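Student: This is the structure I want to talk about, given as structure tokens.
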């Protein structure tokens, strides 16, 4: 509506100018010679140009030369020449050559009518400002608010940001984005997968979300059942593998890859075996990166699950306790040290010291609290020594510490038998000669045979 008012004002001014020029004997358009040709509406001012989105119909059909409309750099051109000059006189576009040729008489009249334009525009500015809101809202599709106020756009945005507090809101948003990016960078850094996984139901039947940030939701859950490797065909037994055990196999010190873990779990080799295993582990919250390299040397114990390794250690302890020939070894090793009371006393003191050392060693191993199977006992030892014992136990899948305890127990049984033999010899009369003692030893050997 604003540009219509502007055109009406300019039309009245042009009619007055044409009337003045005709009264002085100077016609408005001198090169028209045809009497039947009618006069057309005056041309728009030189500064009035259209926009790319809306092309108004030309005011002057043939034989007049048609104006070449171009995109103006003036952002106030839709308000008209007078108002654009009053608002921003530094942004007036220069007249093109075609405009100067089409309207030669108009240029001579610009200077005379400029003063009257400014005076009338000053009186119309209050009315136009009142209509500005409606006109701009009606032409939102053609002009944006930032385009109309382009010279002051940065200052306006700064003022809005200051009044609305947008500059304070931008910093928390950026911090949240940085935290999310930093959280995404943790991918493949640990065995436990970060972030929430699929919904499951707890024992009460209520859905709960596994938000795995450093822990596995249910470590005691059975992941699969694995047949034993060392059992006979007639007594094949299966061992349950828990989620916690799988996590220990993927964590240091072993860091098994998909191929080795599939062998431990007795999974048949297939084309997509590694991918299916990774997907199954991902469902329980464990991360197994593709192309991973193992960290520890592979041994026969690597192929055993913890249940079978512990079973093997218990059987080994039973065999050591029941079948190891502790008495025969003690008698054989004690015979050379029965020459005299002093020698037997020295030997006895050495055996007592060894017995004390073995007792301290086994007591330390019995205090090992490395998690195994479903057992997660509380730590008793200091963290530095417990970490070392846990490293050995994890490498051997729980077999190592129990097997060493069984072996040291066999050594302790030998020491007990050796002390008994020395005590028997010490209680005998000490007047025996070396020859008699040698004969006694020969008799003992024959008796053993």
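For all residues, glycine too, the Cβ spot is worked out from N, Cα and C.
Since the structure is predicted, the reported quantities are computational estimates derived from the model, not experimental observations.
Residues annotated as compositional bias 'Polar residues' in Swiss-Prot: 95-111. For 112-124, the entry in Swiss-Prot reads compositional bias 'Low complexity'. Taken from Swiss-Prot, the feature compositional bias 'Basic and acidic residues' applies to 439-449. Here Swiss-Prot flags 10 as SUMO cross-link, drawing on similarity to another entry. The phosphoserine feature in Swiss-Prot is assigned to 251, 433; the stated evidence is similarity to another entry. Per Swiss-Prot, region 'Disordered' is recorded for 13-58, 94-130, 426-449. Look at Swiss-Prot and you will find 292-423 tagged as region 'H-S-H (helix-span-helix), dimerization'. Residues or ranges marked as motif 'PPxY motif' by Swiss-Prot: 59-64.
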Student: Average the per-residue pLDDT over the region 'H-S-H (helix-span-helix), dimerization' (292-423) and send me the rounded value.
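Tutor: That region's mean pLDDT is 94.
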Student: Counting every protein chain present, what is the number of Cβ atoms, excluding its own, within 10 Å of the Cβ of residue 251 (phosphoserine)?
Tutor: 16
Student: Going by DSSP, how much of the region 'H-S-H (helix-span-helix), dimerization' (292-423) is helix, how much is strand and how much is coil, in residues?
Tutor: 98 helix, 2 strand, 32 coil
Student: Which state, by DSSP, holds residue 251 (phosphoserine): helix, strand or coil?
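Tutor: DSSP assigns residue 251 (phosphoserine) to coil.
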